[in-house]
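Taken from TrEMBL, the feature substrate binding site applies to 21, 122, 166, 294, 414, 421, 422. Positions annotated as active site, proton donor by TrEMBL: 167. What TrEMBL lists as active site, nucleophile is 360.
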Ligand code: PNW
């Protein structure tokens, strides 16, 4: 068994990817269709009309990709398992060839001295389950638990760190309310129902993982600091905080959906949805918590005559509001504010009290890609100083949180490869490694070399920052 969480007092580094964003090979070895295969075919669903059917072709190039992770000098590789490769129809028949793929991948990590960190659901729900109601029906969390059990039986002896879901907020609220992610439904309050079924699915899967012997089971949340722009924006900010943060943390910590949340999401008081025993199973169901952070959320009151903010669709039940995005920003339009990471880590540590890992942080940048005149690979030089600055600033913010007493054990860069960035298609890139879309050539960027060159110093600086609180 690999070491799971870094020891208290130690600090580890990693990098992360997700199955649909990198694998491609979307019909190979019996993989069934996922909701992202279907959704990305809709006209206008992705910025460039492209999808993940080929992506980075990592399904075939995984040895090269693992070599790249190892070359970064990090200890952890966070990857996700494609549910439709393992259980193509969502429930029932298991596809051995899918299991074999992740078996080889995990062995490849161990051979390179990497700790495998597996996420079971990074949004690629089998389409067959969506056809039966997706996360709006209770049979989906039950099917998720069965799938978790199948994966655990095969990999539990070698995967160190387990996460059930990645960013269930996106799956529920971008998928079922805003409609900008798969399955692309715009049904407002239905998203709250999806949120409860995601919470329940997490708890049922966590039970199965533990029963199979998993020791470090967590969930990955995109918690956000909610910073009202002015006094008048306090009320909408409280509603946004409820949907973004409390809908996951309330049941996990308190075993209940709180009052503030119920005021914007009355669906969560429905006893047919939230059944006896559900909340008890969710409470205390994690050994560690993954936090993905990119940017703070700054709500403002909506101007009286303005149309509701487009992102309002992702917060059903909250009165119309505006979101302020200050400068500087990354290429995807997200404000750069490392202090938001310190804030979310310290408040989350105080609330949850389990070890935290920053499971994603990184930047979409316009990289300077220059052809290299002579010689063999690499054929490009990629200067991404903005990304280096972003990473350096956010690692310092993690150290601030550690100095303030938060038990943050590791930091994973999003992401290894330029890949399929969901609704943005391939137009926004977060990779440490450039991937040429013509021929899949991988070229480490300046940021990759920066991480590799500084990994030891970064770990040591974090260790020192946390030394006062964790020996
Ligand atoms: C997260 N939004 O996605 C995911 O976990 C990654 O797969 C993704 O590549 C990364 O962050 C960068 O985007 C998000 O629109 C996608 O608010 C969109 C949103 C948030 C998170």
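Using N, Cα and C of the backbone, Cβ positions are placed for all residues, glycine too.
Where TrEMBL records a feature, it is marked here on the structure.
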residue	record	Cβ neighbours (10 Å)
21	substrate binding site	25
122	substrate binding site	25
166	substrate binding site	24
167	active site, proton donor	26
294	substrate binding site	23
360	active site, nucleophile	24
414	substrate binding site	22
421	substrate binding site	20
422	substrate binding site	23
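Here the Cα atom of residue 414 (substrate binding site) is found 5 Å from that of residue 360 (active site, nucleophile). Comparing residue 166 (substrate binding site) with residue 360 (active site, nucleophile), their Cα atoms are 10 Å apart once rounded. DSSP assigns residue 414 (substrate binding site) to a strand in the three-state reduction.
Those same-chain residues not listed among 21, 122, 166, 294, 414, 421, 422 yet with C-beta within 8 angstroms of the centroid of the substrate site C-beta atoms are 18, 167, 360, 415, 430. Cα separation, residue 422 (substrate binding site) to the residue listed as 'active site, nucleophile', rounded: 16 Å. Secondary structure at residue 421 (substrate binding site), taken from DSSP and collapsed to helix, strand or coil, is coil. Taking the Cα atom of each, residue 167 (active site, proton donor) and residue 122 (substrate binding site) are about 8 angstrom apart. Of all the binding-site residues listed here (21, 122, 294, 421), 294 has the Cα closest to the Cα of residue 360 (active site, nucleophile).
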